[in-house]
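Enquirer: Let me give you the structure first, and then I'll get to my questions.
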Amino acid sequence: MDPQYARLVKAAALSATVLASILLIIKIFAWWHTGSVSLLAALVDSLVDLAASLTNLFVVRYSLQPADEEHTFGHGKAESLAALAQSMFISGSALFLFLTGFQHLASPEPLQDPGLGIWVTLIALFSTLILVTFQRWVVRKTQSQAIRADMLHYQSDVMMNGAILIALALSWYGFHRADALFALGIGAYILYSALRMGYEAVQALLDRALPDDERQEIINIVTSWPGVIGAHDLRTRQSGPTRFIQLHLEMEDMLPLMEAHILADQVERALLHRFPGADILIHQDPTAVVPKERHAHWEL
């Protein structure tokens, strides 16, 4: 396990947990004083944020454990489970927002002290922007699915806080249904984000292949290597930070076993240089045993 990967994902998960805890306390105070349904929506979302970020923190720590006798491929899929759990948390909060929004749309109430709500929302907006910027940088460095899911979650929070600001301002000027309307819009966006996040997590758990551009890079590296006649049966997947790459190399029929082994090792090192930490399995085939329709065949 790359020490930098472990350090970055732990820092990102811990930062999200701390921020969610602070914002939850602030929003409870603000909602109590204003009665805003949009702030209630933000409060519920912060509660879900905290639960999701705590889950993320513990799961990320577990996923970083090295492979053992019972989990020979490591614990990386725990990240996908964390993302799936987050999608469920977020879906639940979206449904709550729909119910509350419809209730207040039918019976709108004037807000108490909307100025306080605006200040609290501004604090939440800028602090969440800082967190999302940090998380995006971590995802760019690590490709962590759990942190990417958390980042998508907090990106929806940024949108939500912006919408709440508009709703509070409109309510201040007498348009009291704006609060409920924006709560419904926020709920719809959060539900969409949750469904997208859940889909990505399920695809990872089902061992979806690596993206087309990465598989094309693998093909380019292998087929351009001196001594490699062709290749077939490329299989790829990703579990946590680890990419798994399997393929068959086609070589000269009479190539000595030691030379075939050395050639396969060279290809493996070239792939590891491009995809550090990857788990690579290469099978060597003499061209005579490969059916004609499979020569130099790759499934993309």
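In case you wondered, yes, glycine gets a Cβ from its N, Cα and C as well.
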Enquirer: So which range, 82-102, 187-207, gets flagged transmembrane segment in Swiss-Prot?
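Expert: Residues 82-102 are the ones Swiss-Prot records as transmembrane segment.
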Enquirer: Is the count of Cβ pairs under 8 Å between the transmembrane segment (12-32) and the transmembrane segment (114-134), pairs 6 or more apart in sequence, 3 or more?
Expert: yes
Enquirer: Inside 10 Å of the Cβ of HIS153 (Zn(2+) binding site), count up the other Cβ atoms and send me the figure.
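Expert: Total other Cβ atoms inside 10 Å, all chains included: 28.
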Enquirer: Looking only at ASP45, ASP49, ASP157, which of these binding-site residues has the biggest number of Cβ atoms within 10 Å around its Cβ?
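Expert: Per the Cβ count within 10 Å, the most buried is ASP45.
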Enquirer: Are there residues at least 6 beyond the ends of the transmembrane segment (40-60) whose Cβ is under 8 Å from a Cβ of it, and what are they?
Expert: 9-10, 13-14, 16-17, 20-21, 23-24, 27-28, 30-31, 78-79, 81-82, 85-86, 89-90, 92-93, 96-97, 100-101, 121, 124, 144, 146-147, 149-150, 153-154, 157, 160-161, 164, 183, 186-187, 190
